[in-house]
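Undergrad: I'd like to ask you about the structure that follows.
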Amino acid sequence: MLCSLLALLLGTFFGVRSQTIHQWPATLVQPVGSPLSLECTVEGTSNPNLYWYRQAAGRGLQLLFYSVGIGQISSEVPQNLSASRPQDRQFILSSKKLLLSDSGFYLCAWS
């Protein structure tokens, strides 16, 4: 059933001066109840502030998590998702069991 699928559209966004940010996988559709792992990596910069956003159908971007350093993660919205930052330029978004309310487009950003 279409309603039981979670669609994630991810992309690669480019910064300036050879600085890049990559999200992996680029596109993902997961059924409700399955696990999730999305990875964001930044190249060409050090000590970036990293952010995970979600855009649900018909809504604007919602900040989910932000991190100012390794192991320093703040959550804006309590939910079924979690984030980890195992390395300076890596930020991982995950869920052990997706809910229908997790549906949306996910975007990683840095500053």
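Including glycine, each Cβ sits where the backbone N, Cα and C put it.
In case it helps, Swiss-Prot gives these features for our protein:
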SIGNAL    1-18  signal peptide
DOMAIN    19-111  domain 'Ig-like'
DISULFID  CYS40-CYS108  disulfide bond
CARBOHYD  ASN80  N-linked glycosylation site
Undergrad: Who sits close to CYS40 (disulfide bond): which same-chain residues at least 6 apart have their Cβ under 8 Å from its Cβ?
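TA: CYS40 (disulfide bond) has long-range Cβ partners ILE21, HIS22, GLN23, TRP24, LEU50, TRP52, GLN90, PHE91, ILE92, LEU93, CYS108.
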Undergrad: Using a Cβ-Cβ cut-off under 8 angstroms and a sequence gap of six or more, which residues of the chain neighbour the residue listed as 'N-linked glycosylation site'?
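TA: The list for the residue listed as 'N-linked glycosylation site' reads SER95, LYS97, LEU98, LEU99, SER101, ASP102, given in order along the sequence.
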Undergrad: With every protein chain in view, how many other Cβ atoms are within 10 Å of the Cβ of CYS108 (disulfide bond)?
TA: 25
Undergrad: Tell me, what is the mean pLDDT of the domain 'Ig-like' (19-111)?
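TA: 93, rounded to a whole number.
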Undergrad: List the helix, strand and coil residue totals of the domain 'Ig-like' (19-111) as derived from DSSP.
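TA: Helix (H, G, I), strand (E, B), coil: 3 helix, 55 strand, 35 coil.
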